[in-house]
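The annotation active site, proton acceptor is assigned in TrEMBL to 141. The annotation Zn(2+) binding site is assigned in TrEMBL to 149, 152, 200, 203. Marked as domain 'Deacetylase sirtuin-type' by TrEMBL: 17-292.
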């Protein structure tokens with residue numbers, strides 16, 4: 001792997017011990033026994049690429065600040081909330097969009113190529129699995145690299161919108177204070193006040209990232225699709241997620257109902273610990289590359 005030779009960025013990774021050889025052996029056995037593995041990933045797989053998560057002890061956004069992500073209803077209802085969101089996102093985008101996959105993303109891509117991994121569902125919106133080359137992927141909560149119009153549904157690339165922002169705000173400048181998990185940064189109200197937000201070029205409607213904000217729901221069509229892929233699988237691996245959010249947790253409940261073996265690789269407790277066949281407390285980028 002070209003990327004695994006670069007050292008991971010551990011600023012947002014909670015402290016943990018190196019993988020225990022017994023644990024490596026147990027996960028190896030789990031993966032070897034699986035023919036059609038269903039994998040679900042969360043923020044903990046991307047922390048080693050330098051993207052903070054929300055809930056990790058000591059290093060997650062909730063632990064470090066009192067900030068909370070935008071709510072869907074607030075974004076739709078309030079022009080000033082949208083202005084604040086897009087100003088922060090505009091400043092954070094160059095850095096956020098430049099993050100690269102780490103060793104864990106590449107391993108999962110390789111498992112797919114080998115026919116071991118049947119389907120991958122990610123709760124992340126960072127596009128790192130796609131950048132790594134995974135193709136059997138469902139982005140459960142969407143992706144920040146796409147933007148769409150709430151009125152007419154027209155889609156554009158987020159990189160294209162960045163150019164519209166630059167054209168509308170040629171003299172606007174803001175210093176960022178820290179990066180948040182979804183790619184925005186912290187700005188003061190004063191900094192945000194003069195920021196201009198473009199409307200949809202086709203109908204003048206409201207532009208929104210193609211992401212499920214907190215308080216919104218994943219489409220039933222997508223949920224059904226993921227249930228179908230899970231139904232074709234023979235085991236489930238959760239990597240880098242505490243599974244606190246129900247939109248992902250429901251698939252673990254479905255896997256338990258089907259009596260599929262479930263392995264969890266996550267630093268810290270998860271919502272599935274009491275019914276998983278295997279729970280490993282290691283970094284995804286350190287343990288997954290050891291599995292053959």
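Glycine is treated like the rest: Cβ placed from N, Cα and C.
Keep in mind that TrEMBL annotations are predicted by a computer and have not been checked by a curator.
Cα separation, residue 200 (Zn(2+) binding site) to the residue listed as 'active site, proton acceptor', rounded: 22 Å. Report note: the Zn(2+) site is defined by 149, 152, 200, 203, and the residues of the same chain whose CB lies within 8 Å of the CB centroid of those residues, excluding them, are 150, 151, 153, 154, 199, 201, 202, 204, 205, 207. The 10 Å shell around the Cβ of residue 203 (Zn(2+) binding site) contains 13 further Cβ atoms across the protein chains shown. The separation of residue 149 (Zn(2+) binding site) from residue 141 (active site, proton acceptor), Cα to Cα, is 17 Å. Residue 149 (Zn(2+) binding site): 19 other CB atoms within 10 A of its CB, across all protein chains.
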